[in-house]
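Colleague: Quick one: this structure, given as structure tokens, is what I'll be asking you about.
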Amino acid sequence: MSMNANNKRDDFAIIITGPTASGKSDLAMQLADEMNGIIICCDSMQIYRGMDIGTAKPTAADRATVPHRLFDIREPNSIYNVSDYVDLARRTAAEVIAMGKIPIFCGGTGQYISALAEGLQFISVPADRSLRLHLEQEYERLGGEAMLLKIAEFDQLAAAKLAPRDRKRIVRALEVWQQTGLTPTEINIRSRINGPEREYLVFACNLPRQYLYERINHRVDLMIAAGLEAEARQIRQTYPEPDAAFTVAIGYKEWLPYFDRSDENQPADRDKVVDKIRQNSRNYAKRQLSLLRGKSYVYWLNGTSTGERIEEIKFILRGRKTE
């Protein structure tokens with residue numbers, strides 16, 4: 001069956017998501033080909049130039065086959081938040097629909113997915129680089145637990161939803177509060193008043209846990225073979241800023257201590273870095289699954305092959321047309 005945008009409810013977008021290494025990109029590519037779609041980045045690290053291997057960014061061949069949008073749109077040392085992304089993503093989806101094509105978002109960044117699917121509206125708070133750097137330094141000095149206590153002083157509900165490791169979200173919450181006097185809970189309530197501007201159909205790739213972990217480990221090995229270490233080193237040299245995006249990105253941040261003690265490293269130290277990347281990737285997959293399972297609007301795709309998943313999506317879309 002060939003799918004297209006010309007149905008009675010054509011103002012919609014698709015989001016292909018799931019844990020890291022679950023097959024999202026292959027699925028989005030085939031779906032875009034069958035639906036006359038355009039793939040839009042929904043990954044908070046694939047937006048950055050130069051971070052190619054470690055983010056499993058679409059290849060040049062992929063981009064030559066299917067149009068891609070919002071990849072490689074920022075330098076790794078630029079400040080870019082969820083509000084910036086969502087504004088641009090919504091405009092891009094509207095442009096794609098106006099072209100008679102289907103917007104197909106692809107990525108696993110939970111905040112991006114929630115913001116689009118739930119129609120969150122953001123209060124515009126320009127990033128204050130000096131304030132953010134001060135808060136980043138405080139986080140390094142005091143630790144996540146102490147920074148959470150600072151948030152709890154003005155918003156206990158928001159503090160209870162964060163973990164000490166949620167560095168970016170902790171820093172941003174404190175930054176916005178100090179600039180506006182608005183708590184994360186107040187902003188969350190205000191953001192949900194209007195709802196989404198169009199329907200977002202969210203499909204999540206599901207795999208047995210052990211099989212997923214094997215795929216993650218194998219993908220890390222492929223990244224290492226493709227030159228991830230050299231890519232991370234080059235980005236570190238090009239963007240020395242302590243708050244650059246790669247410093248919190250899996251596949252890059254693990255190399256930083258290794259680079260800092262380069263004169264003392266042994267082969268076993270490099271192996272430890274690679275093991276840490278595998279471990280962090282598996283832990284990230286767990287967090288992604290946990291977040292998605294809490295969303296009632298997510299359609300879970302249980303097929304393990306791209307073909308099986310395409311058929312599941314077609315079935316759901318056929319049912320949608322008859323509603």
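Count begins at 1; order follows the chain as displayed.
Each Cβ is built from the backbone N, Cα and C atoms, and glycine gets one as well.
These numbers come from a predicted model, not from an experiment.
When I checked TrEMBL for this same protein, it listed these features:
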- GLY18, PRO19, THR20, ALA21, SER22, GLY23, LYS24, SER25: ATP binding site (BINDING)
- THR20, ALA21, SER22, GLY23, LYS24, SER25: substrate binding site (BINDING)
- 43-46: region 'Interaction with substrate tRNA' (REGION)
- THR109: site 'Interaction with substrate tRNA' (SITE)
- ARG132: site 'Interaction with substrate tRNA' (SITE)
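Where in this structure would I find these features, and how exposed are they?
Modeller: Cβ environment of PRO19 (ATP binding site): GLY108, CYS205, LEU207, LEU212, TYR284, ALA285, LYS286, GLN288, LEU289 lie under 8 Å away, each six or more residues apart in the same chain.
Taken residue by residue with DSSP, SER25 (ATP binding site) is part of a helix.
Mean predicted confidence for the region 'Interaction with substrate tRNA' (43-46): the pLDDT average there is 98.
Sequence-distant neighbours of THR109 (site 'Interaction with substrate tRNA') (same chain, six or more apart, CB under 8 Å from its CB) are CYS42, ASP43, SER44, listed in sequence order. The DSSP secondary structure for THR109 (site 'Interaction with substrate tRNA') is coil.
DSSP assigns ARG132 (site 'Interaction with substrate tRNA') to a helical segment in the three-state reduction.
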Colleague: Going along the chain, which residues at least six beyond the ends of the region 'Interaction with substrate tRNA' (43-46) come within the CB cut-off of under 8 Å?
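Modeller: Distant Cβ neighbours of the region 'Interaction with substrate tRNA' (43-46) are 54-55, 57-58, 71-72, 85, 106-109, 111-112, 245, 249.
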Colleague: Taking just the CA atoms, what is the gap between SER25 (ATP binding site) and ARG132 (site 'Interaction with substrate tRNA') in Å?
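Modeller: One finds 33 Å between the Cα atoms of these residues.
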Colleague: Can you count helix, strand and coil residues in the region 'Interaction with substrate tRNA' (43-46) using DSSP?
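Modeller: Result for the region 'Interaction with substrate tRNA' (43-46), in helix, strand, coil order: 0 helix, 0 strand, 4 coil.
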Colleague: State the Cα to Cα distance, in Å, between ARG132 (site 'Interaction with substrate tRNA') and THR20 (ATP binding site), rounded to an integer.
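Modeller: Just about 28 Å between their Cα atoms.
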Colleague: Using a 10 Å cut-off, grab the number of neighbouring Cβ atoms around the Cβ of SER22 (ATP binding site), all chains included.
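Modeller: Around SER22 (ATP binding site), other Cβ atoms within 10 Å: 26.
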Colleague: Name the residues of the same chain, 6+ apart in sequence, whose Cβ is under 8 Å from the Cβ of ALA21 (ATP binding site)?
Modeller: ALA56, LEU212, ARG215, ILE216, HIS218, ARG219, SER281, ALA285
